[in-house]
Amino acid sequence: MDCLCIVTTKKYRYQDEDTPPLEHSPAHLPNQANSPPVIVNTDTLEAPGYELQVNGTEGEMEYEEITLERGNSGLGFSIAGGTDNPHIGDDPSIFITKIIPGGAAAQDGRLRVNDSILFVNEVDVREVTHSAAVEALKEAGSIVRLYVMRRKPPAEKVMEIKLIKGPKGLGFSIAGGVGNQHIPGDNSIYVTKIIEGGAAHKDGRLQIGDKILAVNSVGLEDVMHEDAVAALKNTYDVVYLKVAKPSNAYLSDSYAPPDITTSYSQHLDNEISHSSYLGTDYPTAMTPTSPRRYSPVAKDLLGEEDIPREPRRIVIHRGSTGLGFNIVGGEDGEGIFISFILAGGPADLSGELRKGDQILSVNGVDLRNASHEQAAIALKNAGQTVTIIAQYKPEEYSRFEAKIHDLREQLMNSSLGSGTASLRSNPKRGFYIRALFDYDKTKDCGFLSQALSFRFGDVLHVIDASDEEWWQARRVHSDSETDDIGFIPSKRRVERREWSRLKAKDWGSSSGSQGREDSVLSYETVTQMEVHYARPIIILGPTKDRANDDLLSEFPDKFGSCVPHTTRPKREYEIDGRDYHFVSSREKMEKDIQAHKFIEAGQYNSHLYGTSVQSVREVAEQGKHCILDVSANAVRRLQAAHLHPIAIFIRPRSLENVLEINKRITEEQARKAFDRATKLEQEFTECFSAIVEGDSFEEIYHKVKRVIEDLSGPYIWVPARERL
């Protein structure tokens, strides 16, 4: 086992006597010096060199005092910004970036995304570091007074629209209302969909994003969602809508509504139209409120109560990977079900299909009683644009899960009965590997017509490895082996071609390329095991901090952080076991580090800080994924401790991609981040469970959640002792 060394990256890995540690979560931040006390009265905030009117307006800004009572899950919002990491341009302000549904802020209803926090109780947080702002919020007690500043709502153009109901009703969908906010902090009723051919579509004036103020004489400001639906339904043929049009300023990137599908629980619109809108015998599904440009949340992270059970119509455009899902079923009329969604594939990107969906029809072909072969043919011959009628039936699908489990048990028992050394006794047949690179057969000049393309992290069952150039293999997913069978390049072929490429690249260089062959990655042998804990999560690469924070704040029941250890003395307000595990002596902690009881440790101000294996295990055994901000070295240490993490590498495609994902960093910062990521990939690729890329943080975050969903278990693939 390699020894632990002191490293210099952020959070609880410190460089001695340099910068203070930014610790692993808001619950474990060191006390920092705050600005001088600020005298606050009911009319104004008074601070040196700064004066503003509370609950009034000044210029283009307005100010509000909001009092929140801390709930079981905290205050219920996320922040970004600070002097050390500005959120918008060079502005050091502390901004609200997310309102957590059901939390204290959401229940109060006044705090909004993009609000800037000026004071927390009497603590000035206008020009402080991010960690100081978090500390101020943490130490604010159970009753927290926030003084916030926000842009004045842009002037809205109000107009009256007269609609005459047609065969498709009024022809639009709505979202919002008290207790069901479409935009956090805003109880308004918004138009979220215009149905083609409906009255609103033909009239042309009502648009997505419009706010409905009144229907005939019934006001819709600050009403329940159900009341708005009732008001629209209880109208005669002629309907007068009072509508507020958003200004262009509101549509700008900096102050647009947040990505509600990644930050908030999905709510469902109510379509103001007849159920025959889709032109099918199946009833119309309710439509998600989220704009199509936003990525959907992985289904189990939302909760099944948010998933409609009615049949719904989905249109998918076939991509280079096909439709991007696998099916099971088709025996004795049991139905065809989706068993796997390929991350990044067409089905995944559409966000409208999920594991457990029964496919009722494809392009009008009824599959309710189809065999597996008939369904596969229907999907294969469906063309580029495929219309699917699907219905979510998790209970029926669970029968397949049980069947798969029984088959797996039979195979395991059979394997135990015949011996377990199959790979050693016959290394050229019947073993499982994980791909450590992407393979596109069309880019291999010597590829076979029956070759099988695959992605990094795919598990493959090698059926026949007798040929030195090509192995016959079948793709494997967590729940079953697929019908995807073909030839993959052998380990020897991959390494020889990569060696040739590197040799040509380094031709003529002084360093040469001696020894490179050993570093070429192809495949690693894996074995399947069952786990009874929530796998720890290690995210690496650019935007990892934001992804970690969002997972913790958005899904506090599914993700958690562990309590670190330290040798420094306990402060008055700290509690042992909550803020830190306070170690009695440096010698004891050093011995534990040498005994490999820590996955990572470092020193700051002559005190040791570290994350122990036991702390991670405690979170994992509580059923929560432990979010770890550690280096890639920790992956192997966790594996050695039989706590197999999900390690996700966020790979930037280019320097421009880094700048696009994080618009508030400079080009120099982006270049350093890109270089660090490149080096990280070169050194630790084999440690990654998955590699994700994206053009925006929202796309990356969605893929991260999908990876966690797919790799959570209980059956997982882990490195095997046998080597190829």
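In case you wondered, yes, glycine gets a Cβ from its N, Cα and C as well.
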**Fill in**
Ranges in play 15-35, 477-497, 498-518, with Swiss-Prot marking region 'Disordered' at 15-35
**Asked** S142 (phosphoserine): which of the modified residues Y240, Y580, S654 is the nearest Cα neighbour?
**Response** Y580
**Request:** Let me know the model's mean pLDDT on the domain 'PDZ 2' (160-246).
**Result:** 84
**Prompt:** Between S654 (phosphoserine) and Y580 (phosphotyrosine), how far is it from one CA atom to the other, in Å?
**Reply:** 39
**Prompt:** According to DSSP, does Y580 (phosphotyrosine) fall in a helix, a strand, or coil?
**Reply:** strand
**Request:** Could you tell me how many residues in the domain 'SH3' (428-498) are helical, how many are strand and how many are coil under DSSP?
**Result:** 11 helix, 30 strand, 30 coil
